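Novice: My structure is below; once you've seen it, I'll send some questions.
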Amino acid sequence: MECPAPDATDAADPGEAGPYKGSEEPEGREPDGVRFDRERARRLWEAVSGAQPAGREEVEHMIQKNQCLFTSTQCKVCCAMLISESQKLAHYQSKKHANKVKRYLAIHGMETIKGDVKRLDSDQKSSRSKDKNHCCPICNMTFSSPAVAQSHYLGKTHAKSLKLKQQSTKGAALQQNREMLDPDKFCSLCHSTFNDPAMAQQHYMGKRHRKQETKLKLMAHYGRLADPAVSDLPAGKGYPCKTCKIVLNSIEQYQAHVSGFKHKNQSPKTLVTLGSQTPVQTQPTPKDSSTVQD
């Protein structure tokens, strides 16, 4: 469709796109000579799905990717003539243009894109099956047909390679377990791994490990060594009291809490005397079960 240049009376104000002479082209109709294929739908969707173009470079990039619809002098979607550089920039950055492009895409492009998305999902599922019928990554073999592939997967060669791979995986897991038991490679207290003994020694002399050791000794002193939450809690994450369901931020806070009246009256517990270290069972006094941090 050829669109005449605007008359002097039709020229737009600065910053506005000049309209075609006459009414705008109906939105449901594609511009003449434009075939709306999948690739064009994708490019146009990318152009309007994000933020509006800001600045000359983004506008030029949008025009370059969608030359079938946008040029420096004409917007076929809005049926507008752009008679100056300022009008071109103002038009392509306007909300009115963006809204018309979205409506245009909804009419001509969304069905195309939706169809592509559905096909992509089914294609991905079928491609895995096709890949399996084309090659075996375990045995590093390729097949000329699905029948040859099926014969391979049922054969002794594939079964042997699969068994070796499984054994290798198990061996790697056992090696990892052995490394976790080696203090020069893994610290079970801090859940840290080391590449060499020097790195391990540096860790064991560091503040983080010492803090975890102090935490563990403190819990043991107050009869909390059997609490799994203590050893599972990462270093630097506080000092938990499962009885009161709170976490203290420092050793001093924890000591003050477990020595306090509120903690002692939550449930029966063991008090350790400083002289004999003999545990003595005490019974709680009647108290509200609500938990309040000291």
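Note that Cβ sites are derived from N, Cα and C of the backbone, with glycine treated the same way.
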Novice: Going by the Zn(2+) 2 site in Swiss-Prot, where CYS136, CYS139, HIS152 are listed, which of the candidates HIS97, HIS158 is also part of it?
Specialist: HIS158
Novice: Should anything in the same chain at least six residues away from the zinc finger (131-165) have a Cβ under 8 Å from its Cβ atoms, list it; otherwise answer none.
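Specialist: Same-chain residues near the zinc finger (131-165) but 6 or more away: none.
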Novice: Using DSSP reduced to three states, classify LYS170 (SUMO2 cross-link) as helix, strand or coil.
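Specialist: Note: LYS170 (SUMO2 cross-link) is helical by DSSP.
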